[in-house]
Amino acid sequence: MMEKAYATIIEQVGEDLNREGLLDTPARAAKAMAYLTRGYHQNLEEVVNNALFPSDNSEMVLVKDIELYSLCEHHLLPFIGKAHVAYIPDGKVIGLSKIARIVDMYARRLQIQENMTKEIAEAIMSMTGAKGVGVVIEAKHMCMMMRGVEKQNGSMKTSMMLGTFRSKPETRAEFLSLLC
Ligand SMILES: [Zn+2]
């Protein structure tokens, strides 16, 4: 089905679907799109897979520079960047690789950066029961760089603060200073 849709797009841009280089393109593009949106077929429980461990650590845990690749829901063009995720545990910690997997699950969907930032923060909060969660995402948007205003160096920064990251200025400040 998606393969057919890509064949139509290729024709509509003025190409010849029978040109040798394009013969398998609808199938390949469909496969690539399915991969780029595989987050729709994942859920939090399965991604975290019980990697939650008891801990009496109540200091901030920060995972910086988590690469992310997403597609903007307005143009279906990529936006690419990094997520920084921090939380303050309340009795349990989550496997570090799971934080990256949670970021990936939400990035591999049609997204806007603002919503994705919030979804990631809320997911970490709900899975860990943390005292607070902070998420900062910086990304470059191809829909801005390749079309429209064509601003090559514009990057967008979004943040979401929950719990103590929202209520305690010193917690938020500690988080933000660790990102510099
Ligand atoms: Zn866009």
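Each residue, glycine too, has its Cβ placed from N, Cα and C.
Annotations in TrEMBL come from automatic prediction, not curation.
The C-beta environment of C143 (Zn(2+) binding site), restricted to residues of the same chain at least 6 apart in sequence and closer than 8 Å, consists of C72, H74, H75, L77, F79. Positions annotated as Zn(2+) binding site by TrEMBL: C72, H75, C143.
What TrEMBL lists as domain 'GTP cyclohydrolase I' is 2-178.
H75 (Zn(2+) binding site): 16 other CB atoms within 10 A of its CB, across all protein chains. Per-residue pLDDT, averaged across the domain 'GTP cyclohydrolase I' (2-178), gives 96. The Zn(2+) site, placed at the center of the C-beta atoms of C72, H75, C143, has further neighbours from the same chain whose C-beta lies within 8 angstroms: L71, E73, H74, L76, L77, F79, H141, M142, M144, R147.
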